[in-house]
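Novice: Here you go, one structure.
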Amino acid sequence: MANVTYTDTQLLIDGEWVDAASGKTIDVVNPATGKPIGRVAHAGIADLDRALAAAQSGFEAWRKVPAHERAATMRKAAALVRERADAIAQLMTQEQGKPLTEARVEVLSAADIIEWFADEGRRVYGRIVPPRNLGAQQTVVKEPVGPVAAFTPWNFPVNQVVRKLSAALATGCSFLVKAPEETPASPAALLRAFVDAGVPAGVIGLVYGDPAEISSYLIPHPVIRKVTFTGSTPVGKQLASLAGLHMKRATMELGGHAPVIVAEDADVALAVKAAGGAKFRNAGQVCISPTRFLVHNSIRDEFTRALVKHAEGLKVGNGLEEGTTLGALANPRRLTAMASVIDNARKVGASIETGGERIGSEGNFFAPTVIANVPLDADVFNNEPFGPVAAIRGFDKLEEAIAEANRLPFGLAGYAFTRSFANVHLLTQRLEVGMLWINQPATPWPEMPFGGVKDSGYGSEGGPEALEPYLVTKSVTVMAV
């Protein structure tokens, strides 16, 4: 694989890659070294106005393109993403820190997502409703909602853009994304594939800059008709409130803190392999990452020992280095957060079984950590750690574990391990989550719904349900005269 040199990132406005009107830029830092590797354009109001005007004109053009032609263009983009997967993955690892193997999987998965949405967009149908008056015709028509404003996080720079972008394009909407300024190059490479595939100017736009300034300007703007956001629950609530104030549709994919219930009859080796792998993927910086491990007391010690062994078997290092299985945390803020989690765990009497400390002084490396005997009042059992920390607590009855899993206001994802169909039935009925994986790691395929309940948001970014928020349903009745 040829090495890819990291370059500066520009804005995408009206089909052109441009600097900010002010010339302002922001440093991009490699989390594995702590050193700047490039710069990204910092959009101001003048840039946003240009991007909004382009999104409006792009929408008027794109909505007129037949669904099968939109799908063909999207498939061309998917093919280009696959061709460029190695290069895009290297950009991602340099700016985000995850191992190159994980970055490449993310990019290749993006191509699958594009193709699935391209095909699903061809199946957006209206319907004919039998009239009560035989002289009338009643039809239901689906139309694109309009220009979309998207706001995406740094933990999955490509995946979190492509889900929103694909749903928007498949339904005939234009799309303007404020992507993360900490990880700008890989989202730009994704959008470049769409430009090169022939998506018309203005249909897609890309800006970076101050999150509060950009969101407070885009969401109320009359051009924008749909808002979609992935990020923390507190910020999501603010953006959802702003969208509601201006009657904009919104999809919110927010914080998780996923429970993992390991029942008495579980296959411990399977549970450790599946949940452990999911826990330390992307250094735990995953909204659906398993975080609260609720393990039956009869197997708790066995499970803890096995998870510690799994964690200690990970190779921590620069994501570009061969064999690395756990990369740097994305930014210094995560190091501070991890230190706080560990300090609190010790203070309340939990046991640090492995890890619990920063590795080295260069880069944002933190040891994979397992905490046992965690009290319910520990921070790690109440606030999403968003890092490589697994917290374990025992239980005696499955109903107790379910109650604890549901105790928090979050409800994005959940995991369970059991051989009993009765347990599966109970877990399926009782766990308050939008996504549940039993006896396996997370598999968020594009054809399955992806979203949460309670404070974890609303709306879906997968399955046929993902297209509905981008569509307007129009009722048309015509009387023959």
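Along the chain as shown, the residues are counted starting at 1.
Just so you know, glycine gets a Cβ as well, placed from its N, Cα and C.
These figures come from a predicted structure and were not determined experimentally.
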Novice: Using only what Swiss-Prot says about NADP(+) binding by TRP154, ASN155, LYS178, ALA179, PRO180, GLU181, GLY231, SER232, LEU254, identify which of GLU353, GLU357, GLU362, GLU384 is listed for that site too.
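Specialist: Swiss-Prot lists TRP154, ASN155, LYS178, ALA179, PRO180, GLU181, GLY231, SER232, LEU254 binding NADP(+), and from GLU353, GLU357, GLU362, GLU384 it also lists GLU384.
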Novice: May I ask for the distance between LEU254 (NADP(+) binding site) and CYS287 (active site, nucleophile), taken between their Cα atoms and rounded to an integer number of Å?
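Specialist: Here the two Cα atoms are 7 Å apart.
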Novice: Specify the secondary structure state of GLY231 (NADP(+) binding site) as given by DSSP, simplified to three classes.
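Specialist: GLY231 (NADP(+) binding site) sits in coil per DSSP, no helix or strand.
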Novice: Rounded to a whole angstrom, what is the C-alpha distance between GLY231 (NADP(+) binding site) and GLU253 (active site, proton acceptor)?
Specialist: 7
Novice: Would you mind reading off the Cα separation of TRP154 (NADP(+) binding site) from GLU253 (active site, proton acceptor), to the nearest angstrom?
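Specialist: With distance taken Cα to Cα, GLU253 (active site, proton acceptor) is 14 Å from TRP154 (NADP(+) binding site).
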Novice: How many other Cβ atoms sit within 10 Å of the Cβ of LEU254 (NADP(+) binding site)?
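Specialist: I count 27 other Cβ atoms within 10 Å of it.
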Novice: For LYS178 (NADP(+) binding site), name the DSSP secondary structure in the helix/strand/coil scheme.
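Specialist: Looking at the DSSP assignment, LYS178 (NADP(+) binding site) belongs to a strand.
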Novice: Nearest to CYS287 (active site, nucleophile) in three-dimensional space, by Cα, is which of the recorded positions LYS178, PRO180, GLU253?
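Specialist: That would be GLU253, nearest by Cα distance.
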Novice: So how many other Cβ atoms are close to CYS287 (active site, nucleophile), meaning within 10 Å of its Cβ?
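Specialist: Summing over all protein chains shown, CYS287 (active site, nucleophile) has 26 other Cβ atoms within 10 Å.
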